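*Asks:* The structure's right below; bear with me while I get my questions together.
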Amino acid sequence: MAYIQQGRNALQQIVKESSDRVLHHPILFACQGVRYRRLEVILTTKIDKLGNAGETVKVAPGYFRNHLMPKLLAVPNIEKYAHLIREQRKIYQPVEEEEVKVVKKTVDGEAKEYEKAARRLENARLVLRRLPDIAKLRSRASKDDPVHLRSPVTKEEIVAEVARQLSINIESENLYLPTQMSTFGEYEVPLRLPRSIPLPEGKVQWTLNIKVRGK
């Protein structure tokens, strides 16, 4: 890194000492009072939509004078600058940005993701908040009687809450509701998942714990 800084300092000093002469060099301009030509410059670093470090490109004089040269992003295409750039690049070869490649998921990778999602479902507890059936609530014989809901919980509601609370996407076909969830309480809902997903030790099926409570 010290070599890079020394190179940039040397380049800055050359530009500073000869900026006036360079800006009016006959190579850069045809003559005074005539519209300036596009300049050939050497890039010292990669610039998007312009070129890579070390390349010679043509730019507008104002763009070079006001943007590229003050920031040492480019130098005029004359021998002493070209020599300095070549020597600097011998010391430090810039690493170009590596293109990001999209790697397709393998079968093993997908299987691991499915298993991870299944274990999250197994270890989680989904909480559903519902309104009670007021009429049945008031007609209960005792406080120990179950509190009925206004309407049973549907598979679609469970699927939506799994996505919202656990960030896991499942289908209604993955749920098996042997009985309606029509009262407050805790339920263990069997899951219908691919047989290729290995079950935890001691388990015969995947399940999802759901607690239905009042709002």
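Yeah, the Cβs are placed from backbone N, Cα and C, and that goes for glycine too.
What TrEMBL says about a protein is an automatic prediction, not a curated fact.
According to TrEMBL, the feature domain 'Ribosomal protein L9' maps to 40-76. Sequence annotations record features per position, and here TrEMBL assigns coiled coil to 104-131. Annotation source TrEMBL lists domain 'Large ribosomal subunit protein bL9 C-terminal' at 151-196.
Tell me about the surroundings of these features in the structure.
*Replies:* Same-chain residues lying 6+ beyond the ends of the coiled coil (104-131) with a Cβ under 8 Å from its Cβ atoms: 149-150, 153, 157-158, 161-162, 165-166, 168, 170, 184, 191, 193-194, 196-198, 200, 203, 206-215.
Taken together, the residues of the domain 'Large ribosomal subunit protein bL9 C-terminal' (151-196) have an average pLDDT of 91.
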